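Below is one structure; the comments refer to it alone.
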Amino acid sequence: MEKALSLVVFIIFSIMLASVENKVNANTCIEGIGNCQQCDVRCKARHGPAAKGACDSKFQLCTCNYPCGQGPSPPQPKKCYGGAGICSDRCGAQCCNQNCAQKYNQGSGFCDSIGNTSLCKCQYNC
C-alpha cells in the first residue's frame, strides 16, 4: 500500500513537472541573429536579461531564445536630411530650426559650416 502511494505521488509530481515545463516552453520564442560573435550578449541586448543566446557550432549561427512578448522595441523611424537655405546673422540656428520644423514633418534644423558658408541642414522622419 505504501509503495503504491509513493508511486502515485511520484506520477502526480512528474505530470506537474511536465506541465510546468510545457507552459514555459510554450512561451519561448526563437530568433536567428546572425554569427556567433558575442551571441549571448547580443541576444540579451535585443530581448532582455531573460534571453539566452546559443551558438550552433556547425553552422556558426546564433539563435536567441527569449520569452515571447518581450521582443525588440519597434524600429525607430528612418532619418532623412534636407536643406533650408543659408544660415546668417539674420537667420541663425534658431531661425534654421524653425524653418526646418515648418518645411518638414517633425523636422529640426542646425547650422553647419562648410568652408566659408554656413548651411541650414534639416533632419526629419522619412
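Keep in mind that glycine also has a Cβ here, set from the backbone N, Cα and C atoms.
If you draw a 10 Å sphere around the CB of Cys29 (disulfide bond), it holds 14 other CB atoms from the protein chains shown. The disulfide bond feature in Swiss-Prot is assigned to Cys29-Cys68 (among others); the stated evidence is similarity to another entry.
The local packing around Cys55 (disulfide bond), expressed as other Cβ atoms within 10 Å of its Cβ over all shown chains, amounts to 16. If you look up Swiss-Prot, you'll see Cys36-Cys55 (among others) marked as disulfide bond, on the strength of similarity to another entry.
Residues or ranges marked as disulfide bond by Swiss-Prot: Cys39-Cys62 (among others). Other Cβ atoms within 10 Å of the Cβ of Cys62 (disulfide bond) number 21 in total over all chains.
Every protein chain shown contributes to the tally, and the Cβ of Cys43 (disulfide bond) ends up with 21 other Cβ atoms within 10 Å. Annotation source Swiss-Prot lists disulfide bond at Cys43-Cys64 (among others), citing similarity to another entry.
For Cys126 (disulfide bond), the count of additional Cβ atoms within 10 Å of its Cβ stands at 9 [all protein chains shown]. For Cys80-Cys126 (among others), the entry in Swiss-Prot reads disulfide bond.
According to DSSP, Cys111 (disulfide bond) is assigned to a strand segment. For Cys111 (disulfide bond), the Cβ neighbour count at a 10 Å cut-off comes to 18, with all displayed protein chains included. Residues annotated as disulfide bond in Swiss-Prot: Cys91-Cys111 (among others).
Around Cys96 (disulfide bond), the C-beta neighbours below 8 angstroms that are at least 6 residues distant in the chain are Ala84, Gly85, Cys87, Gly109, Phe110, Cys111, Cys120, Lys121. In the three-state DSSP scheme, Cys96 (disulfide bond) is classed as helix. The feature disulfide bond is assigned by Swiss-Prot to Cys96-Cys120 (among others).
The annotation disulfide bond is assigned in Swiss-Prot to Cys100-Cys122 (among others). In sequence order, Tyr81, Gly82, Gly83, Ala84, Asn99, Cys100, Lys103, Tyr104, Gly107, Ser108, Gly109 constitute the residues six or more apart from Cys122 (disulfide bond) in its chain with CB-CB distances below 8 Å.
The signal peptide feature in Swiss-Prot is assigned to 1-26.
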Which of Cys36, Cys120, the listed disulfide-bonded residues, has fewest other Cβ atoms within 10 Å: Cys36
Cα distance (Å, whole number) from Cys39 (disulfide bond) to Cys68 (disulfide bond): 19
Inter-residue C-alpha distance, Cys80 (disulfide bond) and Cys43 (disulfide bond) (nearest angstrom): 29
Collapsed DSSP category at Cys62 (disulfide bond): strand
